[in-house]
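Undergrad: Got a structure here, written out as C-alpha coordinates. Questions coming.
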Amino acid sequence: MTNIRKTHPLMKIINNSFIDLPTPSNISAWWNFGSLLGICLILQILTGLFLAMHYTSDTTTAFSSVTHICRDVNYGWIIRYLHANGASMFFICLYMHVGRGLYYGSYTFTETWNIGIILLFTVMATAFMGYVLPWGQMSFWGATVITNLLSAIPYIGADLVEWIWGGFSVDKATLTRFFAFHFILPFVVSALATVHLLFLHETGSNNPSGITSDSDKIPFHPYYTIKDILGALLLILVLTLLVLFSPDLLGDPDNYTPANPLSTPPHIKPEWYFLFAYAILRSIPNKLGGVLALVLSILILAIMPLLHTSKQRGMMFRPISQCLFWLLVADLLTLTWIGGQPVEHPYITIGQLASILYFMILLVLMPIASIIENNILKW
(Lines of atoms letter the chains of each structure in order from A and count residues from 1; the text may use other names and numbers.)
(Lines give C-alpha, C1' and ligand atoms only; values in the text may rest on other atoms or scores of the structure.)
Protein backbone atom coordinates (compact mmCIF):
# COMPACT_ATOMS: atom_id res chain seq x y z
CA MET A 1 0.00 0.00 0.00
CA THR A 2 1.38 3.40 -1.01
CA ASN A 3 1.99 5.90 1.76
CA ILE A 4 -0.95 8.37 2.09
CA ARG A 5 1.66 11.08 2.53
CA LYS A 6 2.69 10.59 -1.10
CA THR A 7 -0.73 10.02 -2.69
CA HIS A 8 -3.27 12.28 -0.95
CA PRO A 9 -3.57 15.55 -2.97
CA LEU A 10 -3.13 17.83 0.07
CA MET A 11 -0.57 15.69 1.90
CA LYS A 12 1.42 15.38 -1.33
CA ILE A 13 1.95 19.17 -1.47
CA ILE A 14 3.10 19.25 2.17
CA ASN A 15 5.31 16.19 1.59
CA ASN A 16 6.99 17.68 -1.48
CA SER A 17 7.55 21.02 0.28
CA PHE A 18 8.66 20.05 3.79
CA ILE A 19 9.39 16.31 4.03
CA ASP A 20 10.78 14.66 0.89
CA LEU A 21 12.06 17.93 -0.60
CA PRO A 22 15.56 17.32 -2.06
CA THR A 23 17.82 19.86 -0.32
CA PRO A 24 21.54 20.64 -0.82
CA SER A 25 23.57 18.85 1.85
CA ASN A 26 25.80 21.85 2.59
CA ILE A 27 23.39 24.75 3.29
CA SER A 28 24.40 26.70 6.40
CA ALA A 29 22.43 28.37 9.19
CA TRP A 30 21.90 31.36 6.85
CA TRP A 31 19.26 29.21 5.12
CA ASN A 32 17.24 29.02 8.37
CA PHE A 33 15.69 32.46 7.97
CA GLY A 34 13.00 31.39 5.48
CA SER A 35 11.38 29.09 8.04
CA LEU A 36 11.93 31.69 10.80
CA LEU A 37 10.05 34.24 8.69
CA GLY A 38 7.20 31.74 8.35
CA ILE A 39 7.11 31.34 12.14
CA CYS A 40 7.18 35.14 12.60
CA LEU A 41 4.28 35.55 10.14
CA ILE A 42 2.15 32.92 11.91
CA LEU A 43 2.94 34.51 15.30
CA GLN A 44 2.02 37.99 14.00
CA ILE A 45 -1.28 36.78 12.50
CA LEU A 46 -2.27 34.95 15.71
CA THR A 47 -1.31 37.73 18.16
CA GLY A 48 -2.81 40.31 15.77
CA LEU A 49 -6.09 38.39 15.64
CA PHE A 50 -6.40 38.44 19.45
CA LEU A 51 -5.47 42.13 19.58
CA ALA A 52 -8.10 42.93 16.92
CA MET A 53 -10.76 41.35 19.18
CA HIS A 54 -10.20 44.13 21.74
CA TYR A 55 -8.96 47.05 19.62
CA THR A 56 -11.23 49.85 18.38
CA SER A 57 -10.22 51.80 15.27
CA ASP A 58 -11.68 55.13 16.33
CA THR A 59 -9.55 58.21 17.08
CA THR A 60 -11.34 58.81 20.39
CA THR A 61 -10.92 55.25 21.73
CA ALA A 62 -7.91 53.69 19.89
CA PHE A 63 -5.29 54.78 22.46
CA SER A 64 -7.42 53.79 25.45
CA SER A 65 -8.32 50.44 23.83
CA VAL A 66 -4.59 49.58 23.65
CA THR A 67 -4.25 50.62 27.31
CA HIS A 68 -7.29 48.44 28.09
CA ILE A 69 -5.65 45.46 26.32
CA CYS A 70 -2.50 45.88 28.43
CA ARG A 71 -4.28 46.43 31.76
CA ASP A 72 -7.60 44.58 31.74
CA VAL A 73 -7.48 41.79 29.13
CA ASN A 74 -6.15 38.44 30.40
CA TYR A 75 -2.55 38.23 29.20
CA GLY A 76 -3.27 41.18 26.91
CA TRP A 77 0.08 42.78 27.81
CA ILE A 78 2.06 39.76 26.60
CA ILE A 79 -0.01 39.48 23.39
CA ARG A 80 0.54 43.18 22.66
CA TYR A 81 4.30 43.03 23.34
CA LEU A 82 4.71 39.76 21.43
CA HIS A 83 3.06 41.49 18.47
CA ALA A 84 5.16 44.67 18.73
CA ASN A 85 8.49 42.91 19.29
CA GLY A 86 7.52 40.10 16.91
CA ALA A 87 7.57 42.77 14.18
CA SER A 88 11.16 43.64 15.14
CA MET A 89 12.18 39.97 15.00
CA PHE A 90 10.37 39.71 11.64
CA PHE A 91 12.48 42.53 10.20
CA ILE A 92 15.74 41.20 11.68
CA CYS A 93 15.02 37.87 9.94
CA LEU A 94 13.94 39.65 6.73
CA TYR A 95 17.13 41.72 6.48
CA MET A 96 19.30 38.68 7.25
CA HIS A 97 17.37 36.68 4.61
CA VAL A 98 17.87 39.40 1.97
CA GLY A 99 21.54 39.79 3.01
CA ARG A 100 22.03 36.04 2.56
CA GLY A 101 20.47 36.31 -0.91
CA LEU A 102 22.87 39.11 -1.85
CA TYR A 103 25.95 37.37 -0.43
CA TYR A 104 25.34 33.98 -2.03
CA GLY A 105 23.90 35.24 -5.33
CA SER A 106 20.41 33.83 -4.74
CA TYR A 107 19.06 36.71 -6.87
CA THR A 108 19.87 34.64 -9.96
CA PHE A 109 16.54 32.87 -9.26
CA THR A 110 14.79 35.93 -10.70
CA GLU A 111 11.15 34.93 -10.10
CA THR A 112 11.78 33.94 -6.48
CA TRP A 113 13.86 37.11 -5.94
CA ASN A 114 11.28 39.47 -7.48
CA ILE A 115 8.42 38.00 -5.46
CA GLY A 116 10.70 38.38 -2.42
CA ILE A 117 11.03 42.12 -3.19
CA ILE A 118 7.23 42.45 -3.50
CA LEU A 119 6.97 40.60 -0.16
CA LEU A 120 9.46 43.02 1.42
CA PHE A 121 7.44 46.05 0.25
CA THR A 122 4.17 44.47 1.45
CA VAL A 123 5.58 43.65 4.90
CA MET A 124 6.99 47.19 5.18
CA ALA A 125 3.58 48.67 4.29
CA THR A 126 1.87 46.38 6.82
CA ALA A 127 4.32 47.32 9.59
CA PHE A 128 3.96 51.03 8.84
CA MET A 129 0.16 50.87 9.08
CA GLY A 130 0.38 48.79 12.26
CA TYR A 131 2.54 51.48 13.86
CA VAL A 132 -0.25 54.02 13.29
CA LEU A 133 -2.92 51.97 15.12
CA PRO A 134 -2.03 52.67 18.81
CA TRP A 135 -2.71 56.36 17.98
CA GLY A 136 0.13 57.75 20.07
CA GLN A 137 2.10 60.87 19.15
CA MET A 138 4.62 59.01 16.97
CA SER A 139 1.79 57.01 15.33
CA PHE A 140 -0.04 60.19 14.30
CA TRP A 141 2.98 62.22 13.22
CA GLY A 142 4.66 59.25 11.54
CA ALA A 143 1.48 58.68 9.51
CA THR A 144 1.28 62.40 8.65
CA VAL A 145 4.92 62.69 7.54
CA ILE A 146 5.16 59.43 5.57
CA THR A 147 1.79 59.74 3.76
CA ASN A 148 2.66 63.38 2.98
CA LEU A 149 5.66 62.15 0.96
CA LEU A 150 3.22 61.13 -1.78
CA SER A 151 2.46 64.82 -2.34
CA ALA A 152 5.89 64.98 -4.04
CA ILE A 153 4.41 63.05 -7.00
CA PRO A 154 3.89 65.64 -9.76
CA TYR A 155 0.35 66.74 -10.69
CA ILE A 156 -1.65 64.09 -8.75
CA GLY A 157 0.34 64.22 -5.46
CA ALA A 158 -1.89 66.49 -3.36
CA ASP A 159 -5.11 64.74 -4.45
CA LEU A 160 -3.53 61.34 -3.81
CA VAL A 161 -2.61 62.28 -0.23
CA GLU A 162 -6.13 63.54 0.55
CA TRP A 163 -7.58 60.40 -1.03
CA ILE A 164 -5.42 58.19 1.22
CA TRP A 165 -6.26 60.31 4.29
CA GLY A 166 -9.98 60.28 3.52
CA GLY A 167 -10.07 63.98 4.39
CA PHE A 168 -7.81 67.01 4.79
CA SER A 169 -5.67 65.52 7.56
CA VAL A 170 -4.84 62.20 9.22
CA ASP A 171 -8.06 61.51 11.14
CA LYS A 172 -10.76 58.92 11.92
CA ALA A 173 -11.13 57.82 8.27
CA THR A 174 -7.35 57.28 7.98
CA LEU A 175 -7.17 55.20 11.17
CA THR A 176 -10.14 53.02 10.15
CA ARG A 177 -8.76 52.25 6.68
CA PHE A 178 -5.26 51.62 8.06
CA PHE A 179 -6.73 49.09 10.49
CA ALA A 180 -8.62 47.38 7.64
CA PHE A 181 -5.46 47.18 5.50
CA HIS A 182 -3.31 46.13 8.45
CA PHE A 183 -5.70 43.24 9.08
CA ILE A 184 -5.90 42.01 5.47
CA LEU A 185 -2.29 42.48 4.27
CA PRO A 186 -0.72 39.65 6.37
CA PHE A 187 -2.97 37.22 4.49
CA VAL A 188 -1.75 38.71 1.20
CA VAL A 189 1.80 38.21 2.55
CA SER A 190 0.94 34.55 3.31
CA ALA A 191 -0.28 34.04 -0.27
CA LEU A 192 2.82 35.72 -1.71
CA ALA A 193 5.06 33.62 0.56
CA THR A 194 3.41 30.49 -0.85
CA VAL A 195 4.14 31.68 -4.41
CA HIS A 196 7.71 32.55 -3.29
CA LEU A 197 8.13 28.93 -2.12
CA LEU A 198 6.48 27.57 -5.28
CA PHE A 199 9.06 29.32 -7.48
CA LEU A 200 11.92 28.32 -5.16
CA HIS A 201 10.94 24.65 -5.40
CA GLU A 202 10.93 24.93 -9.21
CA THR A 203 14.69 25.55 -9.16
CA GLY A 204 15.70 24.07 -5.81
CA SER A 205 17.71 25.87 -3.14
CA ASN A 206 20.99 27.65 -3.73
CA ASN A 207 23.94 26.66 -1.50
CA PRO A 208 27.02 28.44 -0.05
CA SER A 209 29.40 27.29 -2.80
CA GLY A 210 27.10 28.57 -5.57
CA ILE A 211 27.79 25.37 -7.52
CA THR A 212 24.90 23.14 -8.61
CA SER A 213 24.07 20.59 -5.92
CA ASP A 214 21.97 18.16 -7.98
CA SER A 215 24.50 15.38 -7.39
CA ASP A 216 24.39 15.76 -3.60
CA LYS A 217 20.91 16.26 -2.17
CA ILE A 218 19.35 14.98 1.04
CA PRO A 219 15.69 14.89 2.18
CA PHE A 220 14.51 17.96 4.07
CA HIS A 221 13.15 15.81 6.90
CA PRO A 222 14.72 14.94 9.36
CA TYR A 223 17.96 16.85 8.64
CA TYR A 224 16.66 20.36 8.08
CA THR A 225 13.48 20.06 10.15
CA ILE A 226 15.74 19.54 13.19
CA LYS A 227 18.00 22.39 12.08
CA ASP A 228 15.00 24.69 11.62
CA ILE A 229 13.61 23.74 15.04
CA LEU A 230 16.91 24.82 16.62
CA GLY A 231 16.68 28.16 14.78
CA ALA A 232 13.04 28.54 15.87
CA LEU A 233 13.96 27.88 19.52
CA LEU A 234 16.68 30.54 19.37
CA LEU A 235 14.21 33.00 17.78
CA ILE A 236 11.60 32.28 20.47
CA LEU A 237 14.28 32.62 23.19
CA VAL A 238 15.38 36.07 21.96
CA LEU A 239 11.76 37.22 21.50
CA THR A 240 10.77 35.95 24.97
CA LEU A 241 13.75 37.71 26.60
CA LEU A 242 12.83 40.91 24.77
CA VAL A 243 9.12 40.73 25.69
CA LEU A 244 9.60 39.77 29.34
CA PHE A 245 12.60 41.90 30.28
CA SER A 246 12.56 45.03 28.11
CA PRO A 247 9.40 45.16 25.97
CA ASP A 248 9.79 48.88 25.21
CA LEU A 249 13.48 48.73 24.29
CA LEU A 250 12.81 49.10 20.55
CA GLY A 251 9.74 51.35 20.85
CA ASP A 252 9.48 55.13 21.12
CA PRO A 253 8.50 56.76 24.46
CA ASP A 254 6.52 59.40 22.51
CA ASN A 255 4.01 56.71 21.57
CA TYR A 256 2.85 56.55 25.20
CA THR A 257 1.46 60.07 24.75
CA PRO A 258 -1.97 60.14 23.03
CA ALA A 259 -1.96 61.66 19.52
CA ASN A 260 -2.28 65.43 19.51
CA PRO A 261 -2.44 67.24 16.14
CA LEU A 262 -1.58 70.55 17.88
CA SER A 263 1.74 69.38 19.36
CA THR A 264 4.61 68.12 17.19
CA PRO A 265 7.16 65.79 18.87
CA PRO A 266 10.76 67.15 18.83
CA HIS A 267 12.03 64.30 16.63
CA ILE A 268 9.63 62.49 14.31
CA LYS A 269 11.08 59.11 13.40
CA PRO A 270 9.72 55.71 12.33
CA GLU A 271 10.39 52.35 13.98
CA TRP A 272 14.08 51.28 14.06
CA TYR A 273 13.71 48.92 11.09
CA PHE A 274 12.84 51.81 8.74
CA LEU A 275 15.53 54.21 9.97
CA PHE A 276 18.06 53.35 7.22
CA ALA A 277 15.51 54.27 4.51
CA TYR A 278 14.43 57.35 6.51
CA ALA A 279 18.08 58.50 6.68
CA ILE A 280 18.39 58.15 2.88
CA LEU A 281 15.14 60.13 2.47
CA ARG A 282 16.40 62.94 4.73
CA SER A 283 19.86 63.11 3.16
CA ILE A 284 18.46 64.69 -0.03
CA PRO A 285 17.31 68.33 0.41
CA ASN A 286 14.71 68.01 -2.38
CA LYS A 287 11.33 66.43 -1.54
CA LEU A 288 10.79 64.48 -4.78
CA GLY A 289 14.47 63.46 -4.90
CA GLY A 290 14.25 62.18 -1.33
CA VAL A 291 11.13 60.13 -2.06
CA LEU A 292 12.75 58.63 -5.18
CA ALA A 293 15.90 57.75 -3.21
CA LEU A 294 13.73 56.18 -0.49
CA VAL A 295 11.91 53.93 -2.99
CA LEU A 296 15.09 53.14 -4.94
CA SER A 297 16.94 52.13 -1.76
CA ILE A 298 14.75 49.00 -1.73
CA LEU A 299 13.89 48.78 -5.44
CA ILE A 300 17.62 48.64 -6.28
CA LEU A 301 17.42 44.98 -5.23
CA ALA A 302 15.38 44.29 -8.39
CA ILE A 303 18.35 45.12 -10.66
CA MET A 304 20.85 42.98 -8.73
CA PRO A 305 20.63 40.15 -11.33
CA LEU A 306 21.56 42.71 -14.04
CA LEU A 307 24.53 44.02 -12.02
CA HIS A 308 25.97 40.53 -11.51
CA THR A 309 29.22 40.58 -13.52
CA SER A 310 31.06 37.78 -11.71
CA LYS A 311 31.69 34.35 -13.20
CA GLN A 312 30.96 32.87 -9.79
CA ARG A 313 27.54 32.91 -8.20
CA GLY A 314 28.16 33.53 -4.51
CA MET A 315 30.82 35.53 -2.68
CA MET A 316 32.28 32.49 -0.88
CA PHE A 317 35.48 32.58 -2.99
CA ARG A 318 35.51 36.34 -3.77
CA PRO A 319 37.42 38.27 -1.06
CA ILE A 320 37.10 41.76 -2.64
CA SER A 321 33.32 41.40 -2.98
CA GLN A 322 33.16 40.06 0.59
CA CYS A 323 34.88 43.22 1.88
CA LEU A 324 32.41 45.37 -0.06
CA PHE A 325 29.46 43.36 1.23
CA TRP A 326 30.48 43.88 4.87
CA LEU A 327 31.16 47.55 4.11
CA LEU A 328 27.55 47.71 2.86
CA VAL A 329 26.33 46.12 6.13
CA ALA A 330 28.35 48.66 8.16
CA ASP A 331 26.96 51.45 5.95
CA LEU A 332 23.36 50.30 6.58
CA LEU A 333 24.02 50.22 10.35
CA THR A 334 25.43 53.77 10.09
CA LEU A 335 22.31 54.88 8.18
CA THR A 336 20.09 53.25 10.85
CA TRP A 337 21.93 55.22 13.55
CA ILE A 338 21.72 58.48 11.55
CA GLY A 339 17.97 58.00 10.95
CA GLY A 340 17.39 58.17 14.70
CA GLN A 341 19.47 61.35 15.19
CA PRO A 342 18.22 64.96 14.95
CA VAL A 343 18.83 66.91 11.71
CA GLU A 344 21.90 68.92 12.74
CA HIS A 345 25.51 69.48 11.70
CA PRO A 346 27.59 66.30 11.88
CA TYR A 347 24.64 63.94 11.30
CA ILE A 348 23.48 65.59 8.06
CA THR A 349 26.91 65.15 6.42
CA ILE A 350 27.38 61.60 7.73
CA GLY A 351 23.91 60.69 6.43
CA GLN A 352 24.64 62.12 2.98
CA LEU A 353 27.98 60.32 2.73
CA ALA A 354 26.46 57.03 3.93
CA SER A 355 23.60 57.38 1.39
CA ILE A 356 26.03 58.01 -1.48
CA LEU A 357 28.18 55.06 -0.35
CA TYR A 358 25.12 52.77 -0.20
CA PHE A 359 24.25 53.35 -3.87
CA MET A 360 27.93 53.43 -4.89
CA ILE A 361 28.64 49.99 -3.42
CA LEU A 362 25.65 48.35 -5.10
CA LEU A 363 25.73 50.12 -8.47
CA VAL A 364 29.44 50.73 -9.08
CA LEU A 365 31.90 49.10 -6.70
CA MET A 366 30.46 45.56 -6.57
CA PRO A 367 30.22 45.10 -10.39
CA ILE A 368 33.80 46.49 -10.78
CA ALA A 369 35.10 44.23 -7.98
CA SER A 370 33.51 41.23 -9.73
CA ILE A 371 35.27 42.06 -13.02
CA ILE A 372 38.61 42.44 -11.17
CA GLU A 373 38.06 39.05 -9.49
CA ASN A 374 37.27 37.46 -12.88
CA ASN A 375 40.60 38.75 -14.21
CA ILE A 376 42.52 37.61 -11.13
CA LEU A 377 41.25 34.07 -11.80
CA LYS A 378 42.94 34.12 -15.24
CA TRP A 379 46.41 34.70 -13.74
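Just so you know, the numbers here start at 1 and follow the chain as drawn.
Placement of Cβ uses the backbone N, Cα and C atoms for every residue, glycine included.
The following feature annotations were taken from Swiss-Prot:
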type: BINDING; residues: H83, H182; note: heme b b562 binding site
type: BINDING; residues: H97, H196; note: heme b b566 binding site
type: BINDING; residues: H201; note: ubiquinone binding site
type: TRANSMEM; residues: 33-53; note: transmembrane segment
type: TRANSMEM; residues: 77-98; note: transmembrane segment
type: TRANSMEM; residues: 113-133; note: transmembrane segment
type: TRANSMEM; residues: 178-198; note: transmembrane segment
type: TRANSMEM; residues: 226-246; note: transmembrane segment
type: TRANSMEM; residues: 288-308; note: transmembrane segment
type: TRANSMEM; residues: 320-340; note: transmembrane segment
type: TRANSMEM; residues: 347-367; note: transmembrane segment
Undergrad: Within 10 Å of the Cβ of H97 (heme b b566 binding site), how many other Cβ atoms can be counted across all chains shown?
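TA: Total other Cβ atoms inside 10 Å, all chains included: 20.
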Undergrad: When you look at the transmembrane segment (288-308) alongside the transmembrane segment (113-133), do they share 3+ Cβ pairs under 8 Å, ignoring any pair fewer than 6 residues apart in sequence?
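TA: Yes, since the transmembrane segment (113-133) and the transmembrane segment (288-308) share at least 3 Cβ pairs closer than 8 Å, they count as touching.
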Undergrad: Output the single range from 77-98, 226-246, 320-340, 347-367 maximising the number of Cβ pairs under 8 Å to the transmembrane segment (288-308).
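TA: When the Cβ pairs under 8 Å are tallied, 347-367 comes out ahead.
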Undergrad: By Cβ distance under 8 Å, which residues at least 6 away from the ends of the transmembrane segment (77-98) in the same chain are close to it?
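TA: Result: 30, 33-34, 36-37, 40-41, 43-44, 47-48, 50-51, 66, 69-71, 116, 120, 123, 127, 130, 235, 238-239, 242-243, 247, 250-251, 271-273, 301.
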Undergrad: Determine the Cβ neighbour count for H182 (heme b b562 binding site): the number of other Cβ atoms within 10 Å of its Cβ.
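TA: H182 (heme b b562 binding site): 21 neighbouring Cβ atoms within 10 Å.
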Undergrad: With a 10 Å radius around each C-beta, find which of these binding-site residues (H83, H196, H201) has the fewest other C-beta atoms nearby.
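TA: Selected from the binding-site residues H83, H196, H201 on minimum Cβ neighbours within 10 Å: H201.
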Undergrad: Where the residue listed as 'ubiquinone binding site' and H97 (heme b b566 binding site) are concerned, what is their Cα separation in Å, rounded?
TA: 17
Undergrad: Which whole-number value in Å describes the distance between the Cα atoms of H97 (heme b b566 binding site) and H83 (heme b b562 binding site)?
TA: 20
Undergrad: Report, in whole Å, the straight Cα-to-Cα distance of H196 (heme b b566 binding site) from H83 (heme b b562 binding site).
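TA: That comes out at 24 Å between the alpha carbons.
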Undergrad: Could you state the CA-to-CA distance between H196 (heme b b566 binding site) and H182 (heme b b562 binding site) to the nearest Å?
TA: 21
